[in-house]
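Novice: This is the structure I want to talk about, given as structure tokens.
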Amino acid sequence: MNLNSIPAFDDNYIWVLNDEAGRCLIVDPGDAEPVLNAIAANNWQPEAIFLTHHHHDHVGGVKELVKKFPQIVVYGPQETQDKGTTQVVKDGETAFVLGHEFSVIATPGHTLGHICYFSKPYLFCGDTLFSGGCGRLFEGTASQMYQSLKKLSALPDDTLVCCAHEYTLSNMKFALSILPHDLSINDYYRKVKELRAKNQITLPVILKNERQINVFLRTEDIDLINVINEETLLQQPEERFAWLRSKKDRF
């Protein structure tokens, strides 16, 4: 299987998995044009589309792709049923695509119906988990997002985190504002800064590394607890997550 990223809009990535036969899976095609160009350039045969949630920058290209390739099966959560989804999937179910079984994981927070797809080592996590960050809470609560991230963080160490936006540099600037002396965060920030200076992608990331540099996955880390305790005493990791998310919203 080959993993490909297609840039779209200002900072979106549309992920495409293809096998040796050229069959492909498309994830969150917010715009059809760059996908159609990539399909033509690589001679891919689209088999399926995965949708993680209903926002336009993730679903906007579906109808045009289905019109061009009517055999495509479009998997998505209930909230995408009016966006072109033909196969609604929910937590605990599986989607069998390109000979691989993808587990569906409910991850409410960014939207109430947001889902992710996992088939080792690939995690397509939409706008739930970003490198160095997490999605804004447009519909869900901080508690829901905390539980969603906890699920994703429990996946195998070698999981490839394929998120939908190039937010890594700004996320790492925020992480440095919280833990300015953390060695892992500083090292990763320098690496990301170099990549972005060359206009190179920072994704996918390996989950084992992400747990070290993403403050939203470190709510039980003593260094982070000490920083938060300087401002307010919060006993529960969920409360510390909510504190971080609120800080990031104002950053």
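Residue numbers in this text run from 1 along the chain shown.
Here the Cβ of each residue, glycine as well, is placed from N, Cα and C on the backbone.
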Novice: Taking Swiss-Prot at its word that ASP57, HIS58, HIS165 bind Zn(2+) 2, choose the one of ASP127, ASP221, ASP223, ASP249 listed for that site.
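Specialist: Between ASP127, ASP221, ASP223, ASP249, Swiss-Prot records just one in the Zn(2+) 2 site with ASP57, HIS58, HIS165, namely ASP127.
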Novice: Among the binding-site residues HIS55, HIS165, whose Cβ has the fewest other Cβ atoms within 10 Å?
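Specialist: Ranked by other Cβ atoms within 10 Å, the binding-site residues HIS55, HIS165 bottom out at HIS165.
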Novice: In sequence order, what residues of the same chain, 6+ apart, have a Cβ less than 8 Å from the Cβ of HIS53 (Zn(2+) 1 binding site)?
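Specialist: Once residues fewer than 6 apart are set aside, HIS53 (Zn(2+) 1 binding site) is near PRO77, GLU79, THR80, HIS110, THR111, GLY113, HIS114, ILE115, GLY126, ASP127.
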Novice: Beyond ASP57, HIS58, ASP127, HIS165, what residues of that chain have CB atoms within 8 A of the centre of the Zn(2+) 2 site's CB atoms?
Specialist: ASN12, ASP28, GLY30, THR52, HIS53, HIS55, GLY126, ALA164
